[in-house]
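Engineer: Have a look at the structure that comes next, please.
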Amino acid sequence: MAVPGSFPLLVEGSWGPDPPKNLNTKLQMYFQSPKRSGGGECEVRQDPRSPSRFLVFFYPEDVRQKVLERKNHELVWQGKGTFKLTVQLPATPDEIDHVFEEELLTKESKTKEDVKEPDVSEELDTKLPLDGGLDKMEDIPEECENISSLVAFENLKANVTDIMLILLVENISGLSNDDFQVEIIRDFDVAVVTFQKHIDTIRFVDDCTKHHSIKQLQLSPRLLEVTNTIRVENLPPGADDYSLKLFFENPYNGGGRVANVEYFPEESSALIEFFDRKVLDTIMATKLDFNKMPLSVFPYYASLGTALYGKEKPLIKLPAPFEESLDLPLWKFLQKKNHLIEEINDEMRRCHCELTWSQLSGKVTIRPAATLVNEGRPRIKTWQADTSTTLSSIRSKYKVNPIKVDPTMWDTIKNDVKDDRILIEFDTLKEMVILAGKSEDVQSIEVQVRELIESTTQKIKREEQSLKEKMIISPGRYFLLCHSSLLDHLLTECPEIEICYDRVTQHLCLKGPSADVYKAKCEIQEKVYTMAQKNIQVSPEIFQFLQQVNWKEFSKCLFIAQKILALYELEGTTVLLTSCSSEALLEAEKQMLSALNYKRIEVENKEVLHGKKWKGLTHNLLKKQNSSPNTVIINELTSETTAEVIITGCVKEVNETYKLLFNFVEQNMKIERLVEVKPSLVIDYLKTEKKLFWPKIKKVNVQVSFNPENKQKGILLTGSKTEVLKAVDIVKQVWDSVCVKSVHTDKPGAKQFFQDKARFYQSEIKRLFGCYIELQENEVMKEGGSPAGQKCFSRTVLAPGVVLIVQQGDLARLPVDVVVNASNEDLKHYGGLAAALSKAAGPELQADCDQIVKREGRLLPGNATISKAGKLPYHHVIHAVGPRWSGYEAPRCVYLLRRAVQLSLCLAEKYKYRSIAIPAISSGVFGFPLGRCVETIVSAIKENFQFKKDGHCLKEIYLVDVSEKTVEAFAEAVKTVFKATLPDTAAPPGLPPAAAGPGKTSWEKGSLVSPGGLQMLLVKEGVQNAKTDVVVNSVPLDLVLSRGPLSKSLLEKAGPELQEELDTVGQGVAVSMGTVLKTSSWNLDCRYVLHVVAPEWRNGSTSSLKIMEDIIRECMEITESLSLKSIAFPAIGTGNLGFPKNIFAELIISEVFKFSSKNQLKTLQEVHFLLHPSDHENIQAFSDEFARRANGNLVSDKIPKAKDTQGFYGTVSSPDSGVYEMKIGSIIFQVASGDITKEEADVIVNSTSNSFNLKAGVSKAILECAGQNVERECSQQAQQRKNDYIITGGGFLRCKNIIHVIGGNDVKSSVSSVLQECEKKNYSSICLPAIGTGNAKQHPDKVAEAIIDAIEDFVQKGSAQSVKKVKVVIFLPQVLDVFYANMKKREGTQLSSQQSVMSKLASFLGFSKQSPQKKNHLVLEKKTESATFRVCGENVTCVEYAISWLQDLIEKEQCPYTSEDECIKDFDEKEYQELNELQKKLNINISLDHKRPLIKVLGISRDVMQARDEIEAMIKRVRLAKEQESRADCISEFIEWQYNDNNTSHCFNKMTNLKLEDARREKKKTVDVKINHRHYTVNLNTYTATDTKGHSLSVQRLTKSKVDIPAHWSDMKQQNFCVVELLPSDPEYNTVASKFNQTCSHFRIEKIERIQNPDLWNSYQAKKKTMDAKNGQTMNEKQLFHGTDAGSVPHVNRNGFNRSYAGKNAVAYGKGTYFAVNANYSANDTYSRPDANGRKHVYYVRVLTGIYTHGNHSLIVPPSKNPQNPTDLYDTVTDNVHHPSLFVAFYDYQAYPEYLITFRK
C-alpha cells in the first residue's frame, strides 16, 4: 500500500529496458534538488513489474506540482551520459500498492543474492562521498555485517601525525590511502581509521598489535564497535527530546525506532540512539531539515565519547557570555584603580575569557576568548564554571566594610580620613561610611576611622563647652604683637587657649575657656589701641626700594634688630610707620630717614651697561649685599637719551656699592665729543694742513674722526672722558687760528662755471695761495624751500604751524627727524624702498628689526613700530606695514593703510619729533593702486591734524618719493583732499614764499588774521566739542534747547542743568529777535555759553541782516568784557532760519573785521567758526570767503561793495530747487520759477502796456492780487505820468510799492529806471517778471541780457548802496533755462572793457593787435641765481688774494648778447614761457625791455650762444606768424568764406578764411578746418564741409567789393598771380626804362616785367584809400625803387614787402623796408646783389609815403605826430624831409611791387 500522506509521480527515462545500477540513488538526488528539478523531500521506488520505471513519492503536494509544471527534466550522470526524464501522474492507486508489496518481498532476499565479488566498476559506483555519510557496502557477506570497519588507535601522542598513521595503515593493510580514511581526534588522544573497502578488520587489529612501529609509538589499536547512535548538530532553538524523537522516527526522514534521545540545548546538539543500526545508513545518506534548519548528522561512538566527523571539522560552539555582579563600592574602587582592573583582566585571560566592565553599574560581562576554541570540547564545557570560580577567588581578595557614622560627625572628620589606597564613601541615606578596597587595607583603615570617630566625639563635647572670639587686626599690628612678649605671656598663663591668625580675613581668633578668652582679648585690645602710626614722605627712589623688598623681613632688619618695636607699610605714595608707642614711633622715623639713601650715576654711553663685566659686577654686589634681607637695589634707566644708574638702600651698602660702580663707569665708559666745525671746508683744511696736531691727540688713546657718518659736520673725538675733554680744547684752539671768508656773486652761470672745473680751480687756489675753496650749498633748508637737489611740488598748511610738503627726493637723505619705511610683516627689508633704506642704514637697522619681531612677534597689516636708524641721518625709523591690495576687500585695505599712517604719526608724536617723511606705502609690490594709495595717505594725515584739537609736536610732514609720477600723484591728492583750502605755492628750492603785502590779510589753511590782529580760525568739528572760552548757541524764542539740532547737541553734552539755568536767566527778560543770554557751560569744555535768538532770512531783508550783525557784535563785546581770549560761532541761521551760507560767511567775517578795526582789543584774540565736518556747503562757503580775503579781496564794513570789480560776476549756485543765484558786484541776482504775486520784496515790478491797464498775463495777476485801489491809482497816474513808468502802492501784495513799466519798451532802460528809483527810496530788494517776454513778444535771451546788463551798469556806476537783491520770477520753465544759460555765460567773469574808436582805428592800421593790458600780464620771471664761495686759509691776506683771483675768473667768462627787434613786442605767453624755460635750463639771465623792444642775455658764453640761437628762432617764428596774419587781414578785405548752419550763415575766422583761399588757389581738392571746435573736411569741388560723424554743412565763397584791376593788365586767365614781360615797344616799358636810366644809364636792361597780383593790389589800394581819407589833399603815393637779390624775387612777387624784410639791408633810419627816389641807390650791389650770371634786380614800386618825418635807427614804427595823441603816427620816415632820397615804410601793404627790372652791368 502507498505511503500515507505522500504524492507519487511516475518517472520514465531514456536508459532503456535495463536501467543502470544505482539509478535509484541518482534519481532521488535529482528530485530532492529544488534547483535541478523543482522538487524537494521525496522517496524513489523502482517499479518491480517494469524495472525501467520508477515512482517518486513527494510529501508536500505543491512540490510534486512544481515538478510536473517543469517541462524538461534531464539527469546528467558523469560517465554514463544524459538521460531525458518523463514525469506523469500514476495511472491507478493499485499500481502504487503493487510497488510497495514487491519491495517488501525483495527486501528479505536481497542479502542472499549477489554474494559474489563485484567487479571494479560496480565497486566504484558503490562508493559515496564522506561528507554525505556512508551507504552500506554492497555485496558484503551477512556474517560480516556486524563486524565494524573502523579501527581506533588510542593513546595517540602529540608527535604522531596523520601522515605517519596513513603510512602505517598502508604498510600493515597493504591498501592505498584511497581505500581508507584517517580521522585524528586530539581532544581524546585517539585516531580512527575507516576502511572504504572490505577487509578483515579483526586480523588488521591483530597485525597492528604485533607491528613494531605501533609498539614503538605506544599506540593501542582496537576494533571500534558498531554504533547505533548518531550526533545531530545545528539544531534550531525550540527543539526538545520529544520533537526530535518524532522527527527521527519519521520514515520520510529515513528514520526508524528511536531507543533514546539526549538533548544538549546549550550546544544545539543531541544524541539519537536507534534500535536498528541499519537506520543510521539511511539517515546518514539523507539531507535533513528541522524547522527549515539544515541538520548535521554524524555517527557517535560512546567508547570514544565523540562523534566521527570525517573530513568535516566538528562544529565547536563557544559558550555564551555571562554577567557577574560586584558590590557597587568595590566596583567604584576598581574604576578608580585602572591598574587593578588590568591585573584582574590579565588573570582572567588565563581562563580564556575577556572582561567588559560596565561604566554605569557594578556589572562585569565575561566573554569567551578566541583562544578557547583551541582548548578542546571538554574544556569548553567546563569553561563557565572554571571562570566563575577564578573570579570568586579574585573577589575574595577585596573587602567592602560599612561603618555607622552620624552625618555631622562625618562632615567633621571626612578631611582627616582620606586615603588613596581604598575607596571611602559616605551613604547619606544609610548614614554609613563604606570602605572598599583590598582586604588588608580596609582592615587597617577601619581601625583608624573608628579611633578618629571616638576622638572627634570627645573633641566636639569639649568645644561645646568652650568660647570662640574673633578680633580684626591688620597684618602689621599682628606682626608687632608677635614680636612683643604679649602672646607668649598669654599662652603661658592660659595653656588651654588657642590663638590663630587668618591673614586673608585679618581675623585673630581666640578659642578656649571663656574666662581665658576674655582675659586674652582685653590684653590684646589694650596693646593694639596703644599702638601709634604716622605717614612719612620719602623720595621716589627709596619708595621704589621699599616696594621691592619684603616689608616684614626688612622691618625686622631695620627696626626689630635695632630693638625698635615698629614696622613700615606702603600706603599710596607714602610710608606708614606703626609702633607700639609714640616714643618708639619717633625712633622708627629717625631710623628710616637716616638708614636709607640713594645715589645716581649718569652714564653717557649705555654700552658700558651692556658689557659682561658690568653685569658680573652688579650681580656680585647684589649677591653680597642682599644675602638676607635685601639691603640695596640697582636700577638701570636706559630708555632716555642718557642712561642713569640709581643705587638705593641702606646707607652703608649704598655708599659701598656707589663707590665701586662709579669707579667702574669712569674707568670703562667711552664717550664721544663732537666739535662742530662749520663750514665743512674748515674740517678738510684742518685735516690736511694741520697734520701735526692729530698724532698728539691719538697718543692719549683718543680716536679722531672727521665728518663722521650720521652726525653733524665736525670732528668726533672718542675715548676716555678725561682725555676727550682735553682733546676738545686742543681742537678748538687750532680751529680758531684758521681764517674763513665767504664771497657772494650774482653773475649768471658763475655756479655752473665753477662746478665744471671745480677740481682744477680748487687745486690752483691751493697751489697759488695755500687756501681751500668750496661752492657753498644750502646746508639748511630755508623756510618754504627744500633741500638741494630735491624738488618741492606743493606746500599746504594743515593746522596753525603745521605744514604738509610734497617733495621729490631720496628718503634716505631728508632734513627730518624720522622717516617711515614701507615694510612687510616680518620686518625683512628685501626689496624696493625698504631694501634701499636698509642698505643705507647698515646692518644695525635689520638687526634691531629682527629683535623687535623676536620680542613682539610679526606685525599685522595696519600696524607700525619704531627701530633704530643705523647709519641713516635720522633719530629713528618707523616701520609701517601696509595691506596687500585685494579688489574684493578694498574697504578693508583702505582702512588698514589709513591706520598704518595714523599709527606712524602717533609714534612720531610720542617721541616728540618735529618732522617726518612718509612714502607711498603699499603702492609697490603690495599692489595698492597709486591713486587710491596717495589719496588714503593724505586723507589720514588730514584727519590726524585737522580733526584733533590737541597740540602737535610734528610741524613738518613730507610726502616723498624718487619717482616723479608718484610725487605728482601725491600733489594731485593733496589738491583734491584740500580743495576747499588755498595751499601755498611751491616755492623754488631754497627760496622762502613771498610774504603778504602790507594791508593784506595773512592766510593759512583755515586761518585769517584781521588788520587789527584778531585771528579767525576755520574749525571742522561739532559745537559740543568746542574748547574756546565762549560758545555761541542759537535758540528759539521759547528758549527750549531740545528743539534745534545745534542747541540739542549742546544740551546732550552739557546736561539738563544748562536748560534749567537758561530758563532762570530768561525769566523777566522780554525775549525777542536779537536777544543774547549768558549761562555757565556745565559739562561742556568752554567757560560760558551765549544763547542768541537769531532772525529768519526773509529774503535778505535789511532788518534780518542788521539783527544778525548786532548779535555777532554783542557776543564779541561780552567776550571782551569778560576778559576772555576766544569765542566760537557756529553757522547760526543757515539751517532752518534760511540764511544763505555764502552770505552768512561774508556777513560774520565782515563783522569780525569791523569789530577788530574799531576796538582796541585787550583780551580777545581768537574767533573760531565751528562747522560740522559733514556740513560741506558751509565749509565751502567759509573756505571761499577766507581765500577771497586772503587774496586781498577785502570788503568794506557793509556786505556789498559796489566798486570791487575783482570777480564781478560770482558763481551760479542753486540754494533751493528751481532757484539760481549769483553775485553781480554787490547785488545778489536771483532767477526762480513761481508766482510773483506770492513773493515778498520792497518793490514788485509789473510789465504792462502804454495805458498801464493791461489785463493779461503777469500784469493781470498782479493787478487782481493787488486790489482795486492799485488799479485806480494806475488809471490816475497814467494820465499825469512824466516817465515811462509809474509807482503805486503795494496793495494786498507783500511789498511797499509796485513799479509799472511798459513791456514793449527797451528792457535795459526800464530795469535801469527801476533800480535808480529803488536806490532813491533806499529799498533793498526788487522782484520783477521777465519783462517783455509776454504780450510784447521779446526774445527771452535778449530780455535776460538786458536785465543783467542794466544791473551791471548800475553797479559799475557806484549807484548800488541800498539795493541788495534783484529777483526775476519766471512762470515758464523754458524761459528760466534761458536766464540760467545767460548767468552761466557770465559766471566768474570781470567787467568787459570798452574799446575806443581810436583803438579800433589803430588796430585797423596795424598799430596794435592786442590790448596793452593783456601784455602786462606776461611777465618774464626774474632769475635770481647766485653763488656763494667760501675760502679757508692760514691768514686774511691769503684768503683775500684767492677771492680776488676767483672773481676775475668769473668776470672774464661772462658773455652778453643783445637783440632789438620789433617782433619782440609781439611775444605772447608761449614765447615768455620759452624764455623762462631758457633761464631755467641754462646758466643765463634774460632781461626784456618792452618799449624799445630789446632782449638782453647775460651768462657764461656757451649758454649765451645757445640762448641766442633759440631767441632768434623765436623772433623769426613770430615774424612769420605775423606775416600770415597780415595776409589773412588782406584776404579778408575782399574774400569771405562762410558756412551755413541751420539756415544761418556764419563767417570763418580770418586765419581759416586764408587757409581756405590758399587751398583754392593751390587747387587742392579738400582742406581740414575747425567749425565750433569740431573737425570738418571741406570739399572745394562740392563746397561742403563734413565732420567725422558724417554731418555736412554747405560752404560758400563771397567776393567783397574790391578795387578794379588796372585796365592795362593782361588777361590772367583765372590765375591768382602772373608776371608779364613787357615788350621794348610798349609805352609802359619806355616809361619805366626812362625813369631807371635817369641815374643808371651805365647798366643794360635785359627785361622789364609787370607784376600782376590782384590780392596785393587790392590790399594796397585799400590801404591807400584809408590814407587818402586820413591825410586829405596830401599826395600819399610815390613811385620809388627797391633793390633786392634774385632769391627774394619770388617772395616779393607773391607777398609784397611785408615785415620780414624790415631792416634787412639797412637800419639807419628805422627798422622798416627802404625805398629809394633814384634807381642808382637801389642798384648798388649792397641791395641788388648780382646772381651767378651777373644779373641784378630792382623793383619799381608804388609806395604810400603819406605824411613823413625824419627817421632814426631805433624806430620800429613811425613816431607820433602829437605827443598828446600817441596813436596818431606818421606814415613813413625819410632821410631828409625837404629833399628826401629814400623812404622807410613800416607796415604791410604800404607798397606794391609794380615792375621788376632785370639788368646787368
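Numbers here mean position along the shown chain, with the first residue as 1.
Any Cβ shown, glycine's included, is placed from N, Cα and C.
Small disclaimer: the values here were computed from a predicted structure and weren't measured.
According to Swiss-Prot, the feature glycoprotein 1 binding site maps to Asn824, Leu833, Ser922, Ser923, Gly924, Val925, Phe926, Asp961, an assignment based on experimental evidence. Residues or ranges marked as glycoprotein 2 binding site by Swiss-Prot on the basis of experimental evidence: 1023-1024, Ser1034, 1046-1049, 1133-1137, 1175-1178. Feature annotation from Swiss-Prot assigns glycoprotein 3 binding site to Asp1235, Ile1236, Ser1247, Val1258, Gly1332, Thr1333, Gly1334, Asn1335, Ala1336, Phe1371. Sequence annotations record features per position, and here Swiss-Prot assigns domain 'Macro 1' to 791-978. Sequence annotations record features per position, and here Swiss-Prot assigns domain 'Macro 2' to 1003-1190. Look at Swiss-Prot and you will find 1216-1387 tagged as domain 'Macro 3', backed by sequence analysis. Look at Swiss-Prot and you will find 1523-1601 tagged as domain 'WWE'. Summarising the annotation, Swiss-Prot assigns phosphoserine to Ser33, Ser1403, Ser1411 and lists a large-scale study or a structure entry as the type of evidence.
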Engineer: Find the one among the recorded positions Ser33, Ser1047, Ser1049 whose C-alpha lies closest to that of Gly924 (glycoprotein 1 binding site).
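Structural biologist: Checking each of Ser33, Ser1047, Ser1049 against Gly924 (glycoprotein 1 binding site), the shortest Cα distance is to Ser1049.
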Engineer: What Cα-Cα separation, expressed in whole Å, is found between Ala1336 (glycoprotein 3 binding site) and Ser922 (glycoprotein 1 binding site)?
Structural biologist: 68
Engineer: A 10 Å Cβ contact count, applied to the binding-site residues Asp961, Asp1175, Glu1177, Asp1235: which residue has the minimum?
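Structural biologist: The binding-site residues Asp961, Asp1175, Glu1177, Asp1235 were compared, and Asp1235 has the fewest Cβ atoms within 10 Å.
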Engineer: Widest Cα span across the glycoprotein 1 binders Asn824, Leu833, Ser922, Ser923, Gly924, Val925, Phe926, Asp961, in Å?
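Structural biologist: Between the outermost Cα atoms of Asn824, Leu833, Ser922, Ser923, Gly924, Val925, Phe926, Asp961, the distance is 18 Å.
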Engineer: What are the sequence-distant neighbours of Thr1134 (glycoprotein 2 binding site), meaning same chain, six or more residues apart, C-beta distance under 8 angstroms?
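Structural biologist: Residues satisfying the criterion: Pro1140, Lys1141, Phe1144, Asn1178.
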Engineer: Would you please pick out, from the binding-site residues Asn824, Ser1247, the one with the fewest other Cβ atoms within 10 Å of its Cβ?
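Structural biologist: Ranked by other Cβ atoms within 10 Å, the binding-site residues Asn824, Ser1247 bottom out at Asn824.
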Engineer: Going by DSSP, how much of the domain 'WWE' (1523-1601) is helix, how much is strand and how much is coil, in residues?
Structural biologist: 24 helix, 35 strand, 20 coil
Engineer: Compare the Cα of Asn1136 (glycoprotein 2 binding site) against each of the binding-site residues Leu833, Ser923, Val925 and report the nearest.
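Structural biologist: Nearest candidate: Ser923.
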Engineer: Of the binding-site residues listed here (Ser1034, Ser1047, Ser1049, Ser1247, Gly1334), which is spatially closest to Ser923 (glycoprotein 1 binding site) when Cα positions are compared?
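Structural biologist: For Ser923 (glycoprotein 1 binding site), the spatially nearest of the binding-site residues is Ser1049.
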Engineer: Using the residues the record lists for glycoprotein 3 (Asp1235, Ile1236, Ser1247, Val1258, Gly1332, Thr1333, Gly1334, Asn1335, Ala1336, Phe1371), what whole-number Å value is the largest Cα to Cα distance?
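Structural biologist: Maximum Cα-Cα distance: 20 Å.
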Engineer: I'd like the number of other C-beta atoms within 10 A of the C-beta of Ser1034 (glycoprotein 2 binding site), please.
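Structural biologist: Around the Cβ of Ser1034 (glycoprotein 2 binding site), 24 other Cβ atoms lie within 10 Å.
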Engineer: Any idea what DSSP makes of Glu1177 (glycoprotein 2 binding site), helix, strand or coil?
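Structural biologist: Glu1177 (glycoprotein 2 binding site) sits in a helix per DSSP.
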Engineer: Show which residues of the chain containing Val925 (glycoprotein 1 binding site), separated from it by at least 6 in sequence, have their CB under 8 Å from its CB.
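Structural biologist: Listed in sequence order, they are Gly831, Gly832.
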Engineer: Could you tell me which three-state DSSP class Ala1336 (glycoprotein 3 binding site) falls into?
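Structural biologist: Going by the DSSP assignment, Ala1336 (glycoprotein 3 binding site) belongs to neither helix nor strand, so it counts as coil.
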Engineer: Specify the nearest of the recorded positions Ser33, Phe926, Gly1334 to Asp1175 (glycoprotein 2 binding site), where nearness means the distance between Cα atoms.
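Structural biologist: Looking at Cα distances from Asp1175 (glycoprotein 2 binding site), the smallest one goes to Phe926.
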Engineer: For Phe926 (glycoprotein 1 binding site), what is the secondary structure by DSSP, using just helix, strand and coil?
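Structural biologist: Assignment for Phe926 (glycoprotein 1 binding site) reads coil.
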Engineer: Measuring CB to CB from Ser1049 (glycoprotein 2 binding site), give everything in the same chain under 8 Å that is also at least six residues away in sequence.
Structural biologist: Gly1022, Val1023, Gln1024
Engineer: Find the shortest Cα-Cα separation between Ser1047 (glycoprotein 2 binding site) and the recorded positions Ser33, Asn824, Leu833, Ser922, Asp961, and name the residue that gives it.
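Structural biologist: Comparing Cα positions, the closest of these recorded positions turns out to be Ser922.
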Engineer: I need the CA-to-CA distance for Ser1034 (glycoprotein 2 binding site) versus Phe926 (glycoprotein 1 binding site), whole Å please.
Structural biologist: 51
Engineer: Could you tell me the C-alpha distance between Ser33 (phosphoserine) and Ser1247 (glycoprotein 3 binding site) in angstrom, no decimals?
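Structural biologist: Here the two Cα atoms lie 127 Å apart.
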